[in-house]
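What follows is one structure encoded as structure tokens, with my remarks underneath.
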Amino acid sequence: MIRVLILTILINEILAVSFNQPKFCPTVKWNLKGERFTATEITATEMLRSLPLILFIDTNNTIYVNSGKEDVISVWYKDRSHPKSISYLSKVEILSMFVIDNGDIYIAYLNNTISKWIASTDSFVHVMNGESICADLFIDVNNNLYCSMVWEHVVIKRSLYKDKKTDIVIVAGTGSGGSAAYQLSYPTGIFVDTNLDLYVADGRNNRIQLFHSGERNATTVAGQGSLDFTISLLDPWSIVLDHEKYLFILDYGNGRVVRSGPHGFQCLLGCIAKEIKEYRLLYPSRLSFDVNGNLFVCDANGRRIQRFTLQKDSCVNVPSTTETTYSSFLTYNHTMFSRTLFDHPYYYFESIEIIVYKNDFYIITANSSIDLYGFVYKDHFDRFNPTANLLAWYGKCCNKDQFKFTLELQSSLKYVLVVTTYEQNVIGPFSIIIFGSNSVHLRRMEVPFINVLSNMDNGCQGYHDPITVRMMNDTRYILVVTTCSEFMTGHFSIEILGKNKVTFQPVNASSIISSTYSSQITNDSKTYYKDCNMSPYYYEAVRLTVPTNAVYAFSTEREKMTVPLYIYKHQFDPIQPRRNQIPVKYYGCRTHNYVEFTAMLQANITYILVVTDVIPMKTTPFFITVYWSTNVTLEAFSDNSTYCYIGGPCETHMKSIGLTLDDILYYKINRNMTINGQSLAIKISGALTIIMFVVGAISSACSILTFQNEKLRQVGCGLYLLASSITSLVTITLFTIKFWFVIITQMDTSIRLSILESGCKSIDTLLKLFFCWDAWLNACVAVERAVSVHRGISFNKDKSKRYARLVIFILPCCVMATLIHEPLYRLVFDYETRERQIISIEERAPAGTVIDKYAVCRTSYSSSVQDYDTAILFIHLVGPFIINLLSALFIIIRSARRRLAAQKKQTYKQHVCEQWKEHKQLIISPIVLLLLSTPRLIVSLLSACLKVADYAWLYLSAYFISFLPSILIFVIFVIPSTSYRKTFKEAFFRIFRKQRS
């Protein structure tokens, strides 16, 4: 009974958390543009006052805010349209407030006092007097009140239980400002978690300090002085922790909200350029979450409270159907670096390039028997500057799941995953597993050669600033001293200051030979996108080969301005310009208009130099100079890889092998224009399809008229030809529908995507089905004739007719079974092209104007499916031809032998010649059909990396010719046969006579 009583007392002394700590997914986002909260409409007179806005939101979604009046707190309850006003006792301005779970409000005033408003009695009581003002209040789960005394540089604590009231205790700081681990300098925001760990916004020290319960020395968890990579802060003001204890920080001086998370630190709000008013935060002072995870921010200078709505669709469920695995082992032979900011390089690491084929979200995780630390970089990783290009990072001691990143990766960008250890000097195995909707490729990267750590040419401008670099032991450094102008000589001295002594040793430099390449970027040059949010740039590619493994120096120049130069290993992909790019550091004298860098290059490897301009769509002459002890080879290089893709700069889709009608017409159709505004090629092609359809329909109708004769249908051959006449009519009809479907859907961009998807998956599949069905029916005719010759008078017509009906029914099912992959791998690839406003080199507006929308039917075959599709295409084209040819030869040879047995006066050769003259159409017809269908086979096997627009007429002609067999069925089967011609004439005149009567 005593134990129960003690437990009850303990539970009653623990307060429930009164504020919101939402749990967020790794990909959570908020709207960048805030909505003004209506509770804070401030008049112009009130705006001139210095009253700070104070905000608190409890777990009932009740919002507490001091209004524009000096002595009123407005309480906005969830289901009420008007707020309740609480007039507090003092006429002095309030600085902070905290609401506990029962609705009581603790208020700190500018006169160093703290009072409490009791919700149940609607009355105030005095709590305590302080020696200084409280910039922030907090009450922990043990009912202890915390106050950050900004002018005293301390955080104090006092129990609020009547029977436990103790003296005020200093829990952080010493009373004198400083930057040591036990000191604070003008602390503002505070937060205490359920473990009683104290987080302090150490304002003037530009950091967030964590004081574990009972400890006076803090750990810097964000900002200046942190050992780990965090984020730079300027006078942080307020802190909030979410459910996972990730930090949300109001960076007052930088006018933004930042957060920590499973991917490291990132900027959330106020990150866009300050010139854009709707995205700007003016000295934010407070932040709070409501129950829905929406973020409320007080603008100290803007005199407003803004609500940033949580984007509910930002949480992405990444499918785990596709898994990519990479395994390796960190050894003592691996390169080391410093994964912290101030330690020595005692961490082994391995860098892995992530090659992405589809823009989507991916989960990057690791497994290992050792504690790992992961970094994800965009573009490249520099081990001497590990914070540059950093996208995500995380590591934790004794963490079973290691790091886990959920990131949106783009195929146009290059990503580098760096795997290292949490502890120093540790080696061991590890595995990287990436989940997503599409597979990625992981490959180990070589540690790049780092050449220039720093270069300064201030001396040429009359200044003599020192060069400050971070140097590591066991590393050789070379200091190069030169002059500002050519051919100058003189004495010089070097002085190095540091904790340790260094030694100098002269190094003999080799003689330098320059290799030069000159050209001009013109309006005829190819274009590419440096960044998917920018306009295209003209560029020229130059192939470079070097004689030996060494470090080479590069420079580019033109009149007045620099010319950007990029170097790629093996190949340059204009659609993915960061892939294969070699990371280099540019360094150039300020008095010269050219760019210089060095790179470690290897012999027997092709390098591509890409020269462009700093201005989109700008033409310019240029010179490239490569320096080394011998000549290198520079030559113009043309690459058609850009034609392997379709889409915009941010959304690309790799073409499958072969050209479809969509591919051919895509580059010729003028979008959003009627048929009158189309090119001559489109108009002529449209007219040809109509002519082909009319001719094909007449030919098929005549054939159907012929083979519907009851006598001809007494054997299987007649049934096959009747079915072939119908399939030919359907084929030419589908061909016409396909052509005009592509034309109309590309001309009219308002057509719904669902219609495009239906047409993309169905029309092409049905067209292939009937085209192949028709070819195999022709082969069945040849087999039937061969069997008839073989059987002679014993040929069973009833059995032939029965088999023919069965084959006609089974044949399309078999053909469709081979084409079942067609609708599965056909998709509509849609994308937009946008024009975005460039604010600066680093910042851009988050949205832009949509210039155009595209939706194109594409096949998306994997390599195995592509091989299968090619094999099936050969079978459906060559198979019927071989059957036709063999059957015709069998008929000629078999008939000749029978004639030889009956008429021995003629030789076997003479009989063969006679049979050839009689049945030669049986061989000529399949050859003609094969020749007419061959262009379709060739077009289907062409490389996808073709500039279709240059030879559109050729490809269209080949595509049209391949459908001539469906038009010529009457010419091929009826006209050469006397009996069939006679049957057709009888049927035609019979109908003619019926019409006249």
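FYI, residue positions are counted from 1 along the chain as it appears here.
Glycine is treated like the rest: Cβ placed from N, Cα and C.
Here TrEMBL flags 699-973 as domain 'G-protein coupled receptors family 1 profile'.
Here TrEMBL flags 175-214 as repeat 'NHL'. Beyond the ends of the repeat 'NHL' (175-214), by six or more residues, the same chain brings 17, 135-136, 138, 140-142, 144, 146, 148-155, 220-226, 232-241, 245, 247, 249-250, 252-253 to within a C-beta distance below 8 angstroms of the stretch.
As annotated by TrEMBL, signal peptide applies to 1-16.
Among the features that TrEMBL reports, transmembrane segment is placed at 680-707 (among others).
Annotation source TrEMBL lists transmembrane segment at 719-745 (among others).
Among the features that TrEMBL reports, transmembrane segment is placed at 803-821 (among others).
What TrEMBL lists as transmembrane segment is 871-893 (among others).
Taken from TrEMBL, the feature transmembrane segment covers 927-946 (among others).
Annotation source TrEMBL lists transmembrane segment at 952-975 (among others).
Listed stretches 680-707, 719-745, 952-975 were compared with the transmembrane segment (803-821); the greatest number of C-beta pairs under 8 angstroms is found for 719-745.
Same-chain residues lying 6 or more positions outside the transmembrane segment (680-707) and placing a CB less than 8 Å from one of its CB atoms are 665, 668-670, 713, 718, 721-722, 724-726, 728-729, 732-733, 735-736, 739-740, 743, 952-953, 956, 960, 963, 966-971, 973-974, 980, 983-984, 987-988, 991. With DSSP states grouped into helix (H, G, I), strand (E, B) and coil, the repeat 'NHL' (175-214) comes out at 0 helix, 16 strand, 24 coil. Per-residue pLDDT, averaged along the domain 'G-protein coupled receptors family 1 profile' (699-973), amounts to 78 for this model.
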